[in-house]
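Participant: Just passing along the structure, written as structure tokens.
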């Protein structure tokens, strides 16, 4: 029996599993490689149209505090960093997303919010890095701040 | 009046009514994620792990705002058998998420779903209506628990220190926000809104929250969880103009861009700025980091751009105005002939020494009087010491600590605004609370914290409270309050109608 992750979470895949050389999961699902705060690579799959936040939640990925506002553009905790090539494919950023990104830790030129990135086939194999949070180390060291 | 750097940003990170690529998110969206989040947050839930010690570590947390709940969440997640008790002075949990976040920012309150999961965790208990420092001392908690985390926040208010501060018509933003958000201690504020101009001192996000609530169309506010008395007062309000005053310039403004954009787009209002305040700002743009640059660009656009037809029409129809007043520092609140009531404020004109974030405002000697009937001071929150046995830095109004470990006090920790001072958005508090929890778990693992003796935890504290006639409120008691509030809200088309007195909260909890 295939586990949920092997078929990419496909709930209706049973009917097609008789054709092992052409698994439905890999056809429709988009693979995402996350790099977590420890630098480990975690590979997950999501359906086209899912957001990266959906993928993190559906696959129970353990990124602490990720998605605190539950995808409502009210925080920046689902901040992710992309490679240049991938970033260019992610589509336009709204002012509102930029406004929240401006409050994110470790903001880069290729940062986006995971709740605003919808998966599509063209993003298959993308890498998304979860930034480290460093702010409070700095705050605690700087007692005079 | 120091610049309110990201002042009380809980409200600043909340944003509402925005649509994203996926369309506007309904409030109910949060509930779907709720159970899924739980699994991610508590992978060890209910596993009887014995990784660290054979004795169950018992930790208590003082204060149930975001700092308390995020600390608890991280402790429960990273330590497999720690037991966490959360003590809260009020019968209701969530601190500034309930009493600070603006009523028109419901999205940010989604964090309550995760807090609720934490409170319902099998190794977590909530004890509301317990005033630590009065009903039970920190010393007693230290006796009963292996570790005590202080996360009771910053409930005080920095004062302006100018003559006339005590006049009728002058309020602290903390009280004003507490009033419209239903904090029991602010219920009788009854601010007088029977004047045309309000002056807000401070330009942080709390200042902008207050400005927005004062100027928002009632049709927007009446669909929020703003209290009924506040809503009725705002219906009668005569305020048509709000000036938001800061000592420094546009490049130093303390609010965040989301809050500014909300003001710019607030229906029925238009901005009113002083062009000269923006001299040299365009030239300074190129050297600014992205967040500050985008914020400044939006300010410039709002203040100086010639509006297009649509915007012109919008401004033409606006019946209320708001504006920043830069380079002004309060020097005196002016009273009427009887010396009781506010009729204006004298502002000292400043100029900047230096540039950028570090620029200092110095007085020029000139003054300007502004006629107004309402003055709201929003220059920062401030923590108070809770117990003489706990170290406290009175100058910075924080507990001296290293990564959340209270200095020279083994077994004592702090998180949230008490640890860092009252700045930052909710994600800041989340990270700083996780850090404190990390320190605590490290200390348990390294045996810097003595876990060898069995601690009685809430057992002994509950007995003490009983003896002293204090009846605590459990999390399921809170859920009764919650459900009564929601059903009262439903009756009037609001998400919630908050109960406004501690007595009634307790009465509902006991039913």
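Glycine residues also receive a Cβ, built from the backbone N, Cα and C atoms like all the rest.
Sequence annotations record features per position, and here TrEMBL assigns domain 'FAD/NAD(P)-binding' to B:58-215. Residues annotated as FAD binding site in TrEMBL: B:67, B:88, B:96, B:132, B:417, B:424, B:425, B:426. The NADP(+) binding site annotation in TrEMBL covers B:203, B:204, B:205, B:206, B:247, B:248, B:259, B:424.
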Participant: Which three-state DSSP class does residue B:88 (FAD binding site) fall into?
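Facilitator: Coil, per DSSP.
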Participant: In whole Å, how far is residue B:132 (FAD binding site) from residue B:206 (NADP(+) binding site) when you measure between their Cα atoms?
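Facilitator: Cα of residue B:206 (NADP(+) binding site) to Cα of residue B:132 (FAD binding site) measures 27 Å after rounding.
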Participant: Which secondary structure state does DSSP assign to residue B:247 (NADP(+) binding site), in the simple three-class scheme?
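Facilitator: Assignment for residue B:247 (NADP(+) binding site) reads coil.
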Participant: Given the binding-site residues B:67, B:132, B:206, B:425, which one has the fewest other C-beta atoms within 10 angstroms of its C-beta?
Facilitator: B:132
Participant: Determine, to the nearest whole angstrom, how far the Cα atom of residue B:248 (NADP(+) binding site) is from the Cα atom of residue B:417 (FAD binding site).
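Facilitator: It is 24 Å, counting Cα to Cα.
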Participant: Applying an 8 Å Cβ threshold (strictly under) against chain A, tell me which of the binding-site residues B:96, B:132, B:425, B:426 fall inside, in sequence order.
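Facilitator: Of B:96, B:132, B:425, B:426, the entries that lie near chain A are B:425, B:426.
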Participant: How many Å separate the two farthest-apart Cα atoms among the NADP(+)-binding residues B:203, B:204, B:205, B:206, B:247, B:248, B:259, B:424?
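Facilitator: So the binding residues stretch over 20 Å, Cα to Cα.
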Participant: Where the record says B:67, B:88, B:96, B:132, B:417, B:424, B:425, B:426 bind FAD, what is the longest distance in Å from one Cα to another among those residues?
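Facilitator: Greatest Cα separation within the listed binding residues comes to 26 Å.
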Participant: Which value does the mean pLDDT take for the domain 'FAD/NAD(P)-binding' (B:58-215) in this predicted structure?
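Facilitator: Reported value for the domain 'FAD/NAD(P)-binding' (B:58-215) is a mean pLDDT of 96.
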